[in-house]
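S.K.: Take this structure first; my questions come after.
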Amino acid sequence: MKKNSLDKEVLLSRFSRLNLRMDGEELTEQETALYDRQIRVWGANAQRRLTKSHILVSGIKGTVAEFCKNIVLAGVGSVTLMDDSLVNEEALNANFLIPPDENAYKGKTVAEICCDSLKDFNPMVLVSVEKGDLSARSTEFFEKFDVVVIGYGSLATKKAVNEKCRKLSKRVAFYTVDCRDSCGEIFVDLQDYKYTKKKLEEKVECELNFPSFQEAVSVPWKPIPRRTAKLYFAMRVIEVFEENEGRKHGECSLLDLPTVLEIKKKLCEANSVSESLIPDSLLERLITGTIEFPPACAIVGGILAQEVIKAVSGKGEPLKNFFYYDAQDGKGVMEDISNSFTS
Amino acid sequence: MDQQQQQSAIQGAKVLMVGAGGIGCELLKTLALSGFHDIHIIDMDTIEVSNLNRQFLFRRSHVGQSKAKVARDAVLRFRPHINIRSYHANVKNPEFDVDFFKQFDVVLNGLDNLDARRHVNRLCLAADVPLVESGTTGFLGQVTVHVKGKTECYECQTKPTPKTYPVCTITSTPTKFVHCIVWAKELLFAKLFGDKNQDNDLNVRANKAASASKETEDVFERAEDEDIEQYSRKIYDHVFGYNIEAALSNEETWKNRRRPRPIYSKDVLPESLTQKNGSTQNCSAASDDDSATVSAMPLLGLKNPQELWGLTQNSLVFIEALKLFFAKRKKEIGHLTFDKDDQLAVEFVTAAANIRAESFGIPLHSLFEAKGIAGNIVHAVATTNAIVAGLIVIEAIKVLKKDADKYRMTYCLEHPSRKMLLMPVEPFEPNPSCYVCSKTPLVLEINTQKSKLRDLVDKIVKAKLGMNLPLIMHGASLLYEVGDDLDDIMVANYNANLEKSLSELPSPVINGSILTVEDLQQELSCKINVKHREEFDEEKEPEGMVLSGWTQSPATNGESASTSNNESAVDVTESSSGPEIASKKRKLSETQPENHKRETENVESEDDDDLVEIENPMTVSKKKRVA
């Protein structure tokens with residue numbers, strides 16, 4: 001609200017002298033200069049909250065590299081990276097954080113190399129590496145963070161970590177992201193979330209209730225609207241395939257197609273839906289397109305970063321609860337999938 | 001296999017990128033990762049601190065260096081074996097002619113101004129090279145594909161040019177804060193610190209009879225030994241006190257408007273207050289300090305640019321800033337233009353605009369907000385640029401594969417529209433009445449006896465038609481041209497022509513005349529049918545001429561497709577000079593999200609068909625889809 005009457009200007013000048021602040025410390029002069037253009041998008045309060053946020057990221061390939069770049073530039077408080085896989089040539093694909101110098105990366109983990117590159121983008125952000133297995137971590141481990149992002153995780157890991165996050169009294173925002181071929185999926189769980197949004201020049205308080213990961217991937221298929229993105233169903237088939245066969249993300253080929261189609265058949269039968277719900281061609285793409293498509297990484301990594309920024313700042317309507325991108329049709333859609341369909 | 005075809009198309013491609021800024025950095029990175037290995041990139045800018053929040057190829061140590069060059073070096077670090085050629089130059093330079101453009105398989109724009117976009121559009125048409133255009137503002141973004149003969153060119157749908165305001169709104173009857181900014185920037189700042197020979201509308205004549213010109217000449221001119229403090233207060237009182245009173249004396253103006261109140265420095269600032277801060281008083285003869293660091297705010301204990309100042313503080317800043325200009329930057333006075341990165345200039349303009357706003361009952365703004373308006377700053381984040389870059393590469397690949405059916409315009413929305421955050425739309429066919437890619441003549445209504453050739457060249461040929469190096473012919477007679485190879489006699493002849501009214505030209509231009517205007521570099525040629533008209537409405541048609549025949553586009557039913565300023569989605573993109581004083585008062589176009597709401601109301605997506613069909617409900621319709 002802009003006040004400008006003569007009586008109040010004396011008060012205003014007195015206030016400024018008393019240095020009455022609102023939301024914690026002011027941004028430093030350096031921060032204000034660096035973040036000027038984005039402060040003009042989301043405001044200084046949102047920026048302040050960003051600078052205090054702590055993000056955990058597990059599983060780094062092209063899309064997650066993009067995501068990390070974006071949030072580091074945005075000026076989050078800290079980014080903790082978890083990925084103990086060793087850097088090899090394959091890791092170089094679509095990941096611009098890894099310089100292609102074998103002497104430099106030999107023996108190092110993906111997280112370690114990416115950490116060094118990311119620090120460079122914004123020295124004000126604390127970027128560090130956490131070693132070990134994410135699914136072996138205790139519930140208390142996650143309390144340190146405001147946001148947890150699992151990239152390319154297994155079904156079991158995604159479920160377990162989401163459950164732990166939900167157990168904490170502090171609300172930890174939970175995201176999963178997966179990119180295969182030129183497709184991508186993002187899942188969002190903000191539990192019970194209050195936020196402000198602009199409606200016709202006014203600020204409105206809103207609330208959303210997000211289903212857990214477990215619930216969101218177990219929703220019966222039959223009541224789900226016909227026009228829902230096929231990728232939702234296709235990804236569930238792939239999840240089951242990888243769990244059954246003990247495969248990691250991308251550890252598959254055309255040879256696995258018969259197995260995958262068998263799983264699709266079983267799932268469709270169990271859900272009493274026609275197999276035509278999921279095109280075979282889509283499944284084929286997802287298991288043969290093991291390397292990520294860099295433009296899709298940029299797109300999905302960008303959308304994911306925007307969501308995390310919104311959740312941390314509490315400003316703007318968040319995606320609920322899935323996002324799908326497919327370069328083949330060029331659409332980026334939000335799907336709201338929960339048990340509410342059955343009621 | 002499709003993958004192989006795609007890879008070979010990418011590997012064989014020679015790509016031109018125009019712009020190495022927000023979109024450019026993301027684009028160069030994604031192109032390199034996607035397997036492109038022959039990339040040329042043009043950008044005339046150097047790196048600034050405010051770029052670093054999103055132009056991630058740059059570091060603080062690079063500030064001041066060429067964007068194109070540093071971007072190239074950064075990308076080579078993770079893809080050392082690709083070929084990147086950088087040009088630190090303006091894309092409008094003659095070296096980037098049609099032959100230059102012809103060597104590329106596709107051109108990718110990451111620009112921030114309409115002018116350059118139009119220029120590149122024309123060169124791509126002339127060279128018959130596909131163009132992928134893009135733009136972002138905050139969370140909004142879009143990518144469009146332009147292939148000659150197949151789709152619309154970039155100019156088939158009119159793009160609104162920067163918002164301008166009528167002179168009287170700025171000089172006498174402001175109602176919005178932006179009017180006060182324009183006044184402070186284009187009038188007051190220019191009058192005090194800019195070129196003295198420039199015309200300036202600053203003084204409002206009280207009644208037609210009053211002639212204050214002699215007096216005001218004295219007011220703004222500062223005598224050699226005139227005390228800076230006194231001078232500053234004199235200026236303050238003149239523009240915020242006397243000028244307002246003079247305006248008030250004209251009853252007609254205020255019949256239906258809120259009357260402004262005059263403000264005098266003695267009522268707001270007791271003498272002692274400003275003299276205490278007058279550290280400049282004693283250093284008036286001091287050397288010019290590093291102009292980048294001279295600032296009024298710290299001297300007044302003001303630290304937070306987001307803070308809202310009251311009348312007293314604004315007045316203090318006004319006086320102090322004025323004093324500092326004279327004390328520390330005397331040499332620059334008479335040559336300054338407003339620069340958003342000039343802290344003292346921003347402080348002065350903010351304070352001046354706020355005091356004026358106070359006078360007219362308009363809400364005040366913080367320095368941060370004022371700077372954004374005065375500097376026409378585009379708000380920008382990394383994520384939207386990254387998303388748009390991904391979309392550009394996807395379209396570029398389709399273009400290289402000549403997959404015409406798959407070309408899409410893609411809109412990146414802030415809020416989902418029918419569940420979509422990324423919305424692909426089929427491109428439209430070329431607009432048959434586009435004067436750039438089709439050959440439709442334009443119509444110009446003008447007073448052929450009063451308007452000079454110079455007016456035609458400046459306001460129509462350069463400003464509206466976007467031609468840089470124009471050539472104007474009437475039949476066989478060459479009325480005007482620009483070029484390095486002209487001899488002195490020709491130049492003198494053309495200069496003489498500029499000063500003549502149209503009907504007095506060696507080949508008289510009168511009602512019914514047809515002019516041909518060309519830009520050889522852009523290889524663009526248009527015909528203009530001239531219609532003589534005696535009178536023009538001063539308010540609605542302040543330029544005294546009206547160009548038509550170029551706005552009709554079936555896709556938008558004659559209305560401009562979009563919104564305000566800067567690199568916003570759907571078409572508008574102008575940030576070079578910001579809001580200006582009147583030429584023509586522009587209609588506020590529809591905003592982009594609304595536009596899409598309307599368009600998508602008719603979307604029908606069949607079960608098995610993923611394509612979004614969009615039919616503009618306003619279209620009468622001969623508009624055909626690119627099949």
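Glycine is treated like the rest: Cβ placed from N, Cα and C.
Below, the features straight out of TrEMBL:
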DOMAIN    B:5-435  domain 'THIF-type NAD/FAD binding fold'
BINDING   B:Cys153, B:Cys156, B:Cys434, B:Cys437  Zn(2+) binding site
DOMAIN    B:444-536  domain 'Ubiquitin/SUMO-activating enzyme ubiquitin-like'
REGION    B:534-627  region 'Disordered'
COMPBIAS  B:549-578  compositional bias 'Polar residues'
COMPBIAS  B:602-613  compositional bias 'Acidic residues'
S.K.: Run through the Cβ atoms and count how many others sit within 10 Å of the one on B:Cys153 (Zn(2+) binding site).
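M.R.: Other Cβ atoms within 10 Å of B:Cys153 (Zn(2+) binding site): 23.
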S.K.: Please compute the mean pLDDT of the model over the domain 'THIF-type NAD/FAD binding fold' (B:5-435).
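M.R.: It averages 89.
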S.K.: Within the domain 'Ubiquitin/SUMO-activating enzyme ubiquitin-like' (B:444-536), count helix residues (DSSP H, G, I), strand residues (E, B) and coil residues, in that order.
M.R.: 26 helix, 30 strand, 37 coil
S.K.: Could you name the residues, excluding B:Cys153, B:Cys156, B:Cys434, B:Cys437, of the same chain that surround the Zn(2+) site, i.e. Cβ within 8 Å of the Cβ centre of those residues, in sequence order?
M.R.: B:Leu125, B:Glu152, B:Tyr154, B:Glu155, B:Pro430, B:Asn431, B:Val436, B:Ser438
